[in-house]
Amino acid sequence: MAWTETDVRKERDDEFAATENDSLKALRSSDGVNDVLSYANILRTRNKFVDALVLYETVIAKDNTNVEAYIGKGICLQMQNSSRQAFENACALTHLGVLYKDEGHLGEAAESYQKALKADPSYKPAAESLAVVLTDIGTSLKLAGNTQEGIQKYLEALKIDSHYAPAYYNLGVVYSEMMQYDMALSCYEKAAIERPMYAEAYCNMGVIYKNRGELEVAIACYERCLAISPNFEIAKNNMAIALTDLGTKVKLEGDINQGIVYYKKALYYNWRYADAMYNLGVAYGEMLKFDMAIVFYELALHFNPHCAEACNNLGVIYKDRDNLDKAVECYQMALSIKPNFSQSLNNLGVVYTVQGKMDAAACMIEKAILANPTYAEAYNNLGVLYRDAGNITLAIEAYERCLQIDPDSRNAGQNRLLAMNYINEGEDDTLYEAHKEWGKRFMKLYPQYTSWDNKKEIDRPLVIGYVSPDYFTHSVSYFIEAPLVYHDYANYKVVVYSAVVKADAKTLKFRDRVLKKGGTWRDIYGIDEKKVAEMVREDEIDILVELTGHTANNKLGMMACRPAPIQATWIGYPNTTGLPSIDYRFTDSLADPPDTKQKHVEELVRLPECFLCYSPSPEAGPVSATPAIANGFVTFGSFNNLAKVAEELPHAWNCAGNFFLLIASLLEGCLMQVGAQVVLQNQTRRIDAMNPRRKDFLVRFPRDQDLDFLQSPKNPDESTYKN
């Protein structure tokens, strides 16, 4: 029997249908979801939508999260003219939205989710997915510059799903960028409530609190963040910054040790954080642990080669250690990083002043002032430069300019008073009023004690305190030696407060002698003057004597606190201190005659015969014969600091007839005072103009001198004895 083509085709279709039905039955009972899904997709491509729909429903029954099955089911329903049923299937629409989102079509995804919610308003996955995509759309709008539209999308997301933490978080980011920090914090907090493990929210909260200065709260936020995500690098860096700031805060409040703890903890979170290293350098420097300071400044420079401040501070340390070449190198390095760094310009000028490079010093300090016209200390240092060059008038003008900028500048205020002694007569009220006015202002900077806890027992010995920075090879040391050594230690208790910057053999000698005699020696260099005042009170000092006046490194701030019931000044300064907290000034009837018109804030106590007791250096040789016998002429001179040489002195020399002129510098360890050549040239011109007789300028040859000119009211006193 012959088969027609139609019959053959029909038979084949029947066979295929039978096979397909068998396959469908087998697949529906199969556990292989992927096989079923693959076959459903094949049937759908062959337009076998009814059979494909059966298989998609089989997959969904076994895995209700299978996105591909839901999408396939929706397509099958739509192709069977069941569009309404397809789009009423919230689950299918939701998963269609997921597909759009994965492909980056956020608008279409949002539309699918909205249709899903319209089909089934209670369908939670659609709501959650819509909140996600609206938040993503909001972020895209914000990044494109449409901030307000972005905010609107975030708010829409939260209307759909009020528990969606990222929408709150992104609102927080936007409000932070808009500097609406209260709103930002509120949003971050809500994000953290909805998602307690939201590390980024805690991190951003920490940033806001840190910028507000609430460092402890910021650190707590970072700790919470890092507890969730220990390797979150941004949070670790932020923690290091906050801890460093907290360290600086507590250090400035007086707890330098706790500050160091915070700086070191910062390095635990970021071991490369140069700011923490730099601040450790500052802290150790303030604690006078300069070797440690150098280490951390060098580390700061290693991790941040552009840290000009570290270079500058290294220069300060090396300068204080008399390593001037290294100091210059550090300052120049700082200026190579920051050419207009006023501090380094000023500091370089100071070193050049010490080195006698007057023109270079003036150039640097003037550049510092140009870089920062309100840099008060630069004007003070310019005054020092003028003073050392012998131009006291310009020096005073520079000090006064400093005081206009910073009326409480201690250096400039005291340098001005000291310089005024060089050009004002002692009985000049201008000098007295300047000291008095300074003292009145200075007293306001310190709290004053008005009562003391010193025991009032008859058999209690008086406790006498002596405070000075000059217990080393210094002019004052030759006059304080005898009183300290020959003090009546049996009937008086003696406490010596030493503010020596660099102790030498003489310092150790003084210390040993005081301790062997039964006295007390306290090193106070680097300690805040208010704390020194507390020490004086704890020692129950009855009479406190300061030996410095307005000269370098004095402790008049401590004296202003009036830590002792009776306070006096002695030796170091030729005038009143101006401090009403100092009761007495020790002098004698020659230095301050009873009929003097010179005024003092203190009451003068004239010691019998002489107020000074000189102890010559062991290296001093015997008194030599007068040089005039061998020379045939008289040699006049002055043992004054060159800046003290008054206009009148050359006139006095000129009246002396033929003479050999000698000027001796007072600086220990230096052949010539800084700027001496400039001053000597000026003096030469002045004398030549009056009488061009024989003259020579020498340095520290007192044995070649017959007579010394002492200039009232600024006699060199103790310095003359030394020579």
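Glycine residues also receive a Cβ, built from the backbone N, Cα and C atoms like all the rest.
Annotations in TrEMBL come from automatic prediction, not curation.
As annotated by TrEMBL, domain 'O-GlcNAc transferase C-terminal' applies to 449-612. What TrEMBL records for 90-123, 165-198, 199-232, 274-307, 308-341, 342-375, 376-409 is repeat 'TPR'.
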Intrachain residues whose Cβ lies under 8 Å of the repeat 'TPR' (274-307), provided they are six or more past its termini: 240-241, 243-244, 247-248, 251, 256, 259-260, 263-264, 266-267, 313-314, 316-317, 320-321, 337, 525-526
For the repeat 'TPR' (308-341), sequence-distant contacts whose Cβ falls under 8 Å of one of its Cβ atoms, 6 or more beyond its ends: 274, 278, 281-282, 285, 290, 293-294, 297-298, 300-301, 347-348, 350-351, 354-355, 367, 371, 501
Counts of helix, strand and coil residues, the repeat 'TPR' (342-375), according to DSSP: 27 helix, 0 strand, 7 coil
Mean of the pLDDT scores, which run from 0 to 100, over the repeat 'TPR' (376-409): 94
